[in-house]
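K.L.:
The following feature annotations were taken from TrEMBL:
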DOMAIN    208-248  domain 'UBA'
TRANSMEM  12-30  transmembrane segment
TRANSMEM  50-76  transmembrane segment
TRANSMEM  88-110  transmembrane segment
TRANSMEM  122-139  transmembrane segment
TRANSMEM  146-165  transmembrane segment
TRANSMEM  171-192  transmembrane segment
Amino acid sequence: MNGGPSGFTNAPVTRAFIITSALFTIFFGIQGRFSTLGLSYQDIFGKLRLWKLIISIFSFSSTPELMFGLYLLYYFRVFERQIGSNKYSVFIVFSILTSLLLEVLAVALLKDPTANLVTPGPYGLIFASFLPFFFDIPVSTRFRVFSFLFSDKSFIYLAGLQLLLSSWKRSILPGMCGILAGSLYRLNVFYIRKAKRNYPAPMQAAVEPTEDSITTLVSMGFDRNSARQALVQARNDVNVATNILLEAQSH
């Protein structure tokens with residue numbers, strides 16, 4: 001399993017988000033303001049520092065968090081390649097806004113005027129992405145280490161666990177909000193995801209899929225035979241074939 005071709009091919013939204021997050025983090029790191037970036041009850045409801053909400057979307061609070069966070073964002077570019085930049089942009093906006101709202105509600109309920117309860121960073125997007133990662137990305141290989149069974153997906157889970165526990169309670173809270181936001185998106189509670197099925201045109205000759213198209217789907221983690229069959233059904237349209245494969249996995 002891998003995130004597809006190296007670099008940001010067919011993933012311009014992910015590239016822009018990663019660059020923005022890195023620049024924000026470096027800027028505040030140079031100024032030595034990492035410790036002031038977290039969200040607290042006093043910031044939001046006392047002094048109305050709403051600008052902190054914007055900063056908390058992009059800027060991490062430490063170099064280790066930045067490294068693990070950007071690694072996960074970079075890997076999850078596979079979803080932009082699967083569903084397209086437009087749909088992925090909707091997923092980003094929904095995940096960020098929903099998780100941010102949940103974080104504000106949590107801060108309001110806890111009412112601690114002294115502590116920064118939420119560490120900054122795109123935790124909402126990152127942990128919302130673990131929902132499609134869990135359900136839609138198949139396991140390619142399995143292996144054992146000291147009698148423990150692992151898969152190639154285990155490395156992504158371990159990176160996510162490290163990020164989740166990086167600031168203990170301050171990072172667990174936004175991480176859980178992100179998972180909840182991802183669950184709401186997947187369940188289509190607010191009808192954000194439009195149900196759309198793609199069917200091949202009737203009474204047309206089958207189109208033999210190209211090797212490049214098959215390789216693209218295999219790089220996303222799909223089985224080669226399944227990828228080829230989906231491409232035949234989709235008349236060599238990679239986006240349609242991806243939707244067919246994802247629908248097949250959900251049943």
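In case you wondered, yes, glycine gets a Cβ from its N, Cα and C as well.
Just so you know, TrEMBL annotations never went through curation; they're auto-generated.
Are these features on the surface or tucked inside, and what touches them?
P.N.:
Mean pLDDT for the domain 'UBA' (208-248) in the predicted structure: 80.
Using a Cβ-Cβ cut-off under 8 Å and counting only residues 6 or more beyond its ends in the same chain, the transmembrane segment (50-76) has close neighbours at 3, 14, 17-18, 20-22, 24-25, 27-29, 34-35, 37-39, 43-44, 96, 100, 103-104, 118-126, 129, 133, 156, 159-160, 162-163, 166-167, 171.
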K.L.:
So which of 12-30, 122-139, 146-165, 171-192 is most in touch with the transmembrane segment (88-110), counting Cβ pairs under 8 Å?
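P.N.:
Per the Cβ count, the answer is 171-192.
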